[in-house]
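Enquirer: Encoded as structure tokens, here's the structure I'll be asking about.
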Amino acid sequence: MSLKGKFFAFLPNPNTSSNKFFKSILEKKGATIVSSIQNCLQSSRKEVVILIEDSFVDSDMHLTQKDIFQREAGLNDVDEFLGKIEQSGIQCVKTSCITKWVQNDKFAFQKDDLIKFQPSIIVISDNADDGQSSTDKESEISTDVESERNDDSNNKDMIQASKPLKRLLQGDKGRASLVTDKTKYKNNELIIGALKRLTKKYEIEGEKFRARSYRLAKQSMENCDFNVRSGEEAHTKLRNIGPSIAKKIQVILDTGVLPGLNDSVGLEDKLKYFKNCYGIGSEIAKRWNLLNFESFCVAAKKDPEEFVSDWTILFGWSYYDDWLCKMSRNECFTHLKKVQKALRGIDPECQVELQGSYNRGYSKCGDIDLLFFKPFCNDTTELAKIMETLCIKLYKDGYIHCFLQLTPNLEKLFLKRIVERFRTAKIVGYGERKRWYSSEIIKKFFMGVKLSPRELEELKEMKNDEGTLLIEEEEEEETKLKPIDQYMSLNAKDGNYCRRLDFFCCKWDELGAGRIHYTGSKEYNRWIRILAAQKGFKLTQHGLFRNNILLESFNERRIFELLNLKYAEPEHRNIEWEKKTA
């Protein structure tokens, strides 16, 4: 297939990694890439084809999220621009059409492939994915999913296209419904369900800032102690509900629908399958989806360079199911005790403690975060060597099953396992890589670990999880490794799951600031750092500073005092922290 004499333009953002990848494909076929939006509209460019990112096109081939499209494309008026596109007769198709052209070795598209610029109406699903917590009004990003046009005639169309509101509130049998019989405020639960979906949608698509806006709005709704009756009421009475989100809330309450929410459900599922694998981020997942890869098996055959570049994906694939299973607090504590026992034999003075969601009182944890420190030791290189020695011992003892970051010493110990995974995956080309370790000295260690059968039996005999302060709402069942990908599976068949374990370290003098940082949550850390900045301070994991002068780093409570804050226990740094500090 030759594309010589063909012109293509990428919108709204030609500089994303996936678009750069597609640009290189087209250029190799002889195509010319139009870099300027204005060039698209010149009479001499009538033959240009505009390629629009799939995330801006719904299942009915309508352009959606025009406000976001306008911002990312750097346009002053998106409607005026689209009008000129239509007048000039320029054809617009989805970026994923490139995959079809390459596979068929033919440049051709049908009328059904052309993008329309009128919005479509989509019903809110009654199946809400779980999201998390909250944002400041002033930092809210416009996150409109629906069309800018919300007149009465459009609302009538939306009502006709929707399921009955009662149906939305009841939910499907076997699925988590938006509202339960115990719910006091039904409007709120309906809104929360939609915000969860929006949060998850943008998380999966790698849109961190938009996801954060919805998380924070969702948290405000969860903390709300009255039944929200309008978007305006939510905007004026609740934090983190800006005009954009208030507008959506009003549409939800009026009609039970939110245009654009479900148009990418299929895409979300495909991206989620890849993103749930350790080592795979949004960009890789999007690229593989655009190339029509539906399994790791296909990706390994057609894009082996990605696995060679980041070999940890092989272990994310191998332990896919295990690493999606959460563990009890008792199991976290059992892992801590095992590490502490081994550590005493290496350096009795060095100490280690649990951080993360365990420290915040969660009943279930996705992984284990351990913080290492040593009284009066401010040499993190010394701590790094202690952790490396500990890792070597625990690997030889059979506790560590895989490393996800290497030093030269760990590479010598573990390289055979990496090679074995490449061979099992039938990936070639790894022999050309000369070095597998990331650095001579690393101060963070990531790994997969397993308890012994005896420890697992002892764990089963424990009755209650001590220290549980927060029981999360049930999430939907996570994805499972597809049958075509099972040949790489090292997942447990006896219930003894491989667990993700992370080692961190901090200087003795920075212990207080380090504990704040590694306890989390991410939203709490962001909030307290913004608050510190507003008061003229700078807070990091290394301490509290003013004018680059360290004020406090060791005493955690003193840091709160200097910020004029009441000390927040770790369990108060979860989703309810904002309500307590408002």
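Glycine is no exception: its Cβ is also placed from the backbone N, Cα and C atoms.
What you see is a predicted model, and the numbers here were worked out from it, not measured in a lab.
Marked as region 'Disordered' by Swiss-Prot: 127-161. Residues annotated as compositional bias 'Basic and acidic residues' in Swiss-Prot: 135-155. The region 'Involved in ssDNA binding' annotation in Swiss-Prot covers 360-369, and the record cites similarity to another entry as its basis. What Swiss-Prot records for D367, D369, D502 is Mg(2+) binding site.
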Enquirer: Starting from the Cβ centroid of D367, D369, D502, the recorded Mg(2+) site, name every other residue in that chain with its Cβ within 8 Å, sequence order please.
Expert: Q355, G356, I368, L370, F446, R500, L501
Enquirer: Looking only at the region 'Involved in ssDNA binding' (360-369), what is the model's average confidence as pLDDT?
Expert: 93
Enquirer: Comparing the binding-site residues D367, D369, which residue's C-beta has the most other C-beta atoms within 10 angstroms in this structure?
Expert: D369
Enquirer: Once near-sequence residues are set aside, which residues in the chain of D502 (Mg(2+) binding site), 6 or more away, have Cβ atoms under 8 Å from its Cβ?
Expert: D367, I368, D369, L370, K444, F445, F446, M447
Enquirer: What counts of helix, strand and coil residues does DSSP assign across the region 'Involved in ssDNA binding' (360-369)?
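Expert: Helix, strand, coil within the region 'Involved in ssDNA binding' (360-369): 0 helix, 5 strand, 5 coil.
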Enquirer: Going by DSSP, give the three-state secondary structure for D502 (Mg(2+) binding site).
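Expert: DSSP call for D502 (Mg(2+) binding site): strand.
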